[in-house]
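Engineer: The annotation transmembrane segment is assigned in TrEMBL to 20-39, 45-66, 78-102, 114-133, 140-160, 180-199, 211-228, 279-296, 302-321. Sequence annotations record features per position, and here TrEMBL assigns domain 'GGDEF' to 366-500. Taken from TrEMBL, the feature domain 'EAL' covers 504-744.
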Amino acid sequence: MNKGKLFFFLQQMGQARGRWVFLFMAAYIVLFFAWSVGWAEAGSLRLAGCGALVFASVAVTSGLLFQTYRKVREDSLFWLLLFLGISSSAGGILLGGYYRIALQIDFPLQSWDNLFYVTSSLLTLAAYVSLLWQRRGACFCFKALFDITLLLVVVFAVSWDYIRMYFAFPNEQALTNMLFLAYPVMDLGLLFGIARFYLQFKRFNRPMLHCFLGSIIFFFIADTAFLYGSLMEVNSAGTWYHMLWGMANLLIALAVSFRQGEYAIGQEGNLEYNPDTMWLCLSYGVVAGLFLLLLVKLEEFVSVAVGLFICLLLISVRQVFSFLENKRLLQSLQQKNAELLTMAYTDHLTAMPNRFRFLEDIKVKQKPCVAIINIENFRAINEFYGCQAGDKVLRDVAACILQEAGRCGYEVYRLSGDEYALLADSVEPNLFKRNILDMYDCIEQTKFSIHGQLHPVFVSIGLSFTAESPLEKAQMALRYARQRHLKVQVYGDDLPVKDSYHHNLYWVQEVQEAIEEDRILLYYQPILDLCTGRVTKYEALVRMLSRQGEIISPGCFLPVIKKTKIYPRLTEVILEKCFAYFQDKDVEFSINLSAADIADCKVTQRILRLLAGSGLAGRVTFEFVESEEFENPEELLRFITAVKRYHAKIAIDDFGSGYSNFAHIFTMGADYIKVDGSLVKEIADNPSVLAVVESIVYLARKLNIKVIAEFVCCETIYHTVKDMGLDEVQGYFIGEPKPHLLQT
């Protein structure tokens, strides 16, 4: 026993359960010999005392097995069956004592205790079979049972032939002796079963394995000695093999005390080593030996026996070739699995480990240090130089990062697109940050070749030193660094982007649930026609109802939702509710649309279907924000052309804010211009603003476009815009947004 094993043994002996089992074993041996010597002449009393000691060993072992069964989650069936097997032998001891001491019956077969002993062996074998079943399935389990059964049949047949040859006993004793022979044969089967299970899976630690094997060996020796004593008719009460039975039970209890957690090893066996070859050769070898014995014992040549032996030999050879072929297929499958595993964890462009490999590796880091590197404006490189040039830049940057990270011993990954990750464990944060800054300088100073021209590449880096969600926090730090144009940013709890991150997640979830629970509402703000003095139109404005009944304005959630995939669904809900509400009302209405709505073909198709089927096309106006950038102006023009076929109208919202582009008026074919509220609020007090609005009105008159003033909040502004000749006004002075229309 080497020092490591000795230390493990002493450590287990130091634990309460292992110490008590070991002390009980020592006391058991001393008491057994003392009782056997002290009551040597009193047969019944000696048998009762020795039987009580064996029963005590069974009770201790059963108790420990039951405790283990109650505590474990994995392989609980194994411990339950082992507990039932040992407990069954306790029933056999009690019945045996009753028959032999109380009833004074000499022939063991006439008592039912042997049924309990056989059941005990079968349940113990079933415990190990259950492990095989759970790990490898029914097919492998039946194959293992077949091999063990084949071996046991041969051993039993040869042993019984030997017994009949060298021992004389009456025929009525034959059945009893066959039963006694079955005990050591089943012990041998258990011995082979445990050995095979351990070679296949290595599920037991070494001390547990030694205790289990030692227990079965003790059972085998004791049962063999008992068989010999029965054959020689020399069995007596309290003999040494009774002590071995108790010791075998206590070795199982000791194995339980060596168990730590679930299983101490708990790993599959080496796939390169497959013990099936050994078992196949052993199984067919013993059968072949049995037939050779049959041929030797035959007094004359029997062709049927020879033919049977040759057939067995041919079947065995065929099985060997079949097994070799299966082994070759298994190796091929393992190779393919290894290739697939490599593909799953490797980025195909840079040959670096990918995001999946990163997520696996970071799990085993105790104090992970994470850096995420993002290439700035990489999208522009792709669009200007093409995807092939972009791929080359990604490979070149990856090579530069690998070279620098290799000097520090950091692991490098490509997460996605233009993002790379560096991973280290238990590195001092300041040292890690200094190394990352050096890497930043190296990348910035390196000129990368793009179509024969050298260009610099700029990056931003986010760092995280937290054990909880390190990747997400490094990404938050990276986002903050990009927003503030910083080289490197370390994540901290005071990072503003953290609050923004949680704020965005909160509103995404709230809006998603509001859509699902029908808590999206529409409010309607009246628009007054200055020519008639009547409200002839309403603008539909979205609101959200909280679970507490509070009305939430769109300024809280709409800027966040516009950046998510929930936004198209929100637009569809607004469209459906708006068209349904105005279906039975004789009034015009307007709906706000964004560039994201026009870019989503599902939304535009939904709009066209509503226009075609609702009969409201002539009363609806679609408003677009003038300052919003449309990535595809042709797409916008196609949409406007399509809705105008149904006689729907177009309005340019917030016109005059920022740097207004008067060309929008011509390209969009607008029917209305809504003057931005920032101008309308100052129109009565600021002559410059008044001049700007007058120029907008003048241009609109020339183009036959109506002008609407927003944010008319007081009587002074109302009269000012009315005197200027605007067509319609909208604002709190006219009416606040309400969930219903004004009463007329």
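Placement of Cβ uses the backbone N, Cα and C atoms for every residue, glycine included.
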Engineer: So if I exclude everything within five residues of the ends of the transmembrane segment (114-133), which remaining residues of that chain have a CB under 8 angstroms from its CBs? That is, six or more out.
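Structural biologist: Same-chain contacts beyond the ends: 75, 77-79, 81-82, 84-86, 88-89, 91-92, 95, 108, 140-141, 144-145, 179, 182-183, 186-187, 189-190, 193-194, 197, 200-201, 203.
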Engineer: Could you break down the residues of the domain 'GGDEF' (366-500) into DSSP helix, strand and coil, giving a count for each?
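Structural biologist: Counts, helix then strand then coil: 67 helix, 38 strand, 30 coil.
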Engineer: Six or more residues out from either end of the transmembrane segment (211-228), which same-chain residues have a Cβ under 8 Å from its Cβ atoms?
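Structural biologist: Counting only partners 6 or more residues beyond its ends, the transmembrane segment (211-228) has Cβ contacts under 8 Å with 177, 180-181, 183-184, 187-188, 190-191, 194-195, 204, 235, 239-242, 244-245, 247-249, 251-252, 254-255, 258.
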Engineer: Restricting attention to the domain 'EAL' (504-744), give the mean pLDDT.
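Structural biologist: Averaged over the domain 'EAL' (504-744), the predicted model reaches a pLDDT of 90.
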